[in-house]
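Working notes, structure below.
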Amino acid sequence: PAMARPRLTAPTSAEAELLLLQRQALAEEEAAKAKRELLTRFLQEKLSREEQSSRRGLHRVRTLWRSAQRKAKDQELRQDIEILSQTFTRVMDCKDGAIEALVTELQEAEEQQNRALRSHLDLTDRLLHLQRCRLGYLERGFSAQLGALKAEFEAERCGISGGERGMGQQRHP
């Protein structure tokens with residue numbers, strides 16, 4: 001029993017060595033754990049940086065893709081505008097030609113209408129002149145007939161008046 005006490009109080013070299021080994025193992029385990037935690041943090045930070053870099057890269061790729069699409073769409077729209085512009089120019093030229101043709105036709109129609117009006121006025125003047133000549137002839141004929149009738153009337157009146165005087169002289173002696 002007396003020896004048992006020192007055993008409790010003084011560990012043996014094997015026990016001390018076991019304790020030392022346990023402490024070393026514990027220290028190594030804690031070092032390994034700290035190393036794992038450090039490595040985990042390092043890898044998480046690296047992953048975070050890679051994700052950020054990936055997002056930036058993806059954003060850049062999307063930006064470049066959109067830019068390429070914009071350029072392609074811009075070129076396509078410019079070609080469409082050029083085609084539409086040429087079509088519009090052709091349509092306008094066609095319409096301008098139609099307008100010019102209509103203006104020419106209108107001018108010709110106005111000239112024709114003016115010629116017809118001049119001809120109508122000329123014919124109306126001729127007809128008016130003929131009617132005036134005819135009226136002059138009719139007036140002269142009427143005047144001549146009137147003169148003849150007046151002369152005949154006067155002759156008859158003189159004949160009647162002269163006969164009545166002769167009759168009247170016989171009745172009223």
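Every residue, even glycine, has its Cβ placed from backbone N, Cα and C.
Bear in mind that TrEMBL entries carry predicted annotations, made automatically and left uncurated.
Of the listed segments 57-91, 92-126, TrEMBL assigns coiled coil to 92-126.
The average pLDDT for the domain 'Dynein regulatory complex protein 1/2 N-terminal' (24-121) in the predicted structure is 94.
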